[in-house]
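Report on the following structure.
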Amino acid sequence: MSACRSFAVAICILEISILTAQYTTSYDPELTESSGSASHIDCRMSPWSEWSQCDPCLRQMFRSRSIEVFGQFNGKRCTDAVGDRRQCVPTEPCEDAEDDCGNDFQCSTGRCIKMRLRCNGDNDCGDFSDEDDCESEPRPPCRDRVVEESELARTAGYGINILGMDPLSTPFDNEFYNGLCNRDRDGNTLTYYRRPWNVASLIYETKGEKNFRTEHYEEQIEAFKSIIQEKTSNFNAAISLKFTPTETNKAEQCCEETASSISLHGKGSFRFSYSKNETYQLFLSYSSKKEKMFLHVKGEIHLGRFVMRNRDVVLTTTFVDDIKALPTTYEKGEYFAFLETYGTHYSSSGSLGGLYELIYVLDKASMKRKGVELKDIKRCLGYHLDVSLAFSEISVGAEFNKDDCVKRGEGRAVNITSENLIDDVVSLIRGGTRKYAFELKEKLLRGTVIDVTDFVNWASSINDAPVLISQKLSPIYNLVPVKMKNAHLKKQNLERAIEDYINEFSVRKCHTCQNGGTVILMDGKCLCACPFKFEGIACEISKQKISEGLPALEFPNEK
């Protein structure tokens, strides 16, 4: 796309939250029972069920099991599948419905399209089989009108997983145009984009507010809740998070290169990753034995709004085939695998753009000792300034000056970026190109401070790689084609599967933490977020006793 550097005047929201570390999560795989901690609990699963009957059309049989207790207190986490399958020889004939397109054209993929869509230059079948054996030159629907394909339109309708995981694929074929040339004009770039059939409306608008907001959290668990709020508030879920697929066969291959988990290795064994699992665990791992402060910087850019068509949508061939491959009897593992591939819900409408979110881990004790205040940190990083995205260039306010990182007073000068006042930076960025992601990671690997200019660089790339930043959700089972054989049964099974999925990976299967600690379930392992006066993997250790002379325990960060 050529529009990544061409924005109209836009105003971004920068939210700055001060997350004071009055809560700390203390979990450590190195800690043993000999140190006086709680006894470790390994993942425990129920026995396998009996094998199902052989499905005559799928030629497979299935079995399942349940998670009884999640790993906790340095025990083994639950990472194994709850479903299993194997090939079989059916004893009954398959009564599978044959694809019949009637008077329409049947693609090699099995899709049925209108005959008028043949030989028009568009890939209406998804494999260009509708463009084979044409007797004359294609008749493009847009003729000589100049249009471009839109990344915003491709992203429209993308789903979410109720437990926070990024779906591996989208159900919508947003490169199908149904022979139409519906064009939408981006007022920022003056470019016309062709709107796919599935998208009922797409409005390009780069907007926001020039606004700074500061929030203060007395407990770190409340700060953590604020970070994951958008992933749980819509469903009133407890703190149960699952970022790694366990049921999908191709999960390992699919997930290694997703935008949310690209890795970059530096010298030695240090590894930086955008994996949500690692990111959240990194945030939770900071101990409050050294008083910490968390500077939460958040900026959103909205590029456009969309509404999906509510009927006659065109789904990808893969999505339709995967629905057909679901057994008509309810098999938990198979339906969970489907949910982990496509999400539990899809977006019927929403906003597209990017979310720039960083958490700076600040050493509060060092700041006090060296006379550095929070406003000095913000001024050094440039987050006290307004940011403008202009048509020809992207810039920050003229006041941004690297000299602001040196604070002078009482006969001394403190360089904020080199005095170990900023311990770490945790990235929760969504959207933007892979090129920018690698550039940012390289800076973090080198220990270079990330400031407002990095926000500007990121903003220039989100048109090429937008993400959903707000959405109205609909259950994925609403997309089951009504004319498909056994559609009603499979829709019922998917509805049941979503409920079972939430209950299967529930924090209720964790043991309680001691002394008022809060339990967090993350990727098959239960963690304890401890009140300020306690620490340990179960919040079992009183810091008051440590201060009275008992040996202190160390809690190195989990890698």
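Residue positions begin at 1 at the first shown residue.
Note: Cβ is positioned from N, Cα and C throughout, glycine not excepted.
The annotation domain 'TSP type-1' is assigned in Swiss-Prot to 42-95. Residues or ranges marked as disulfide bond by Swiss-Prot: C43-C78, C54-C88, C57-C94, C101-C112, C107-C125, C119-C134, C142-C181, C380-C405, C510-C526, C513-C528, C530-C539. The domain 'LDL-receptor class A' feature in Swiss-Prot is assigned to 99-136; the stated evidence is sequence analysis. The domain 'MACPF' annotation in Swiss-Prot covers 138-509 and is backed by sequence analysis. Per Swiss-Prot, transmembrane segment is recorded for 235-242, 265-272, 374-381, 382-390. Taken from Swiss-Prot, the feature N-linked glycosylation site applies to N277, N415. As annotated by Swiss-Prot, domain 'EGF-like' applies to 510-540.
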Residues of the parent chain within Cβ reach of the domain 'LDL-receptor class A' (99-136), under 8 Å, 6 or more residues beyond its termini: 173, 175-179, 314, 316-317, 320-321
DSSP three-state assignment (helix, strand or coil) for C510 (disulfide bond): coil
Under 8 Å by Cβ from C119 (disulfide bond), counting only residues of that chain that are 6 or more apart: D130, E131, C134, E135, S136, P138, R139
Cα distance (Å, whole number) from C513 (disulfide bond) to C380 (disulfide bond): 40
Overall pLDDT of the domain 'TSP type-1' (42-95), taken as the mean: 95
Local backbone state of N277 (N-linked glycosylation site), from DSSP in three classes: helix
Cα proximity to C513 (disulfide bond), best match among disulfide-bonded residues C78, C101, C112, C539: C539
Residue, out of the disulfide-bonded residues C78, C526, C530, whose Cβ gathers the largest set of other Cβ atoms within 10 Å: C530
Subset of recorded positions (C57, C78, C94, N415, C526, C530) lying within 10 A of C405 (disulfide bond), CA to CA, in sequence order: N415
Shortest C-alpha distance to C528 (disulfide bond) - which of the disulfide-bonded residues C57, C101, C112, C142: C57
Residue among recorded positions C112, N415, C539 with Cα closest to the Cα of C142 (disulfide bond): C112
Of the disulfide-bonded residues listed as C94, C125, C510, the one whose CA lies nearest the CA of C43 (disulfide bond): C510
For the domain 'LDL-receptor class A' (99-136), residues assigned helix / strand / coil by DSSP: 6 helix, 4 strand, 28 coil
Structural state of C142 (disulfide bond), classified by DSSP into three states: coil
Spatial neighbours of C112 (disulfide bond) that are distant in sequence (at least 6 apart) but have CB under 8 A: D99, C101, G102, D104, F105, Q106
Among C54, C88, C510, C513, C528, which are disulfide-bonded residues, the residue with the most C-beta atoms within 10 angstroms of its C-beta: C528
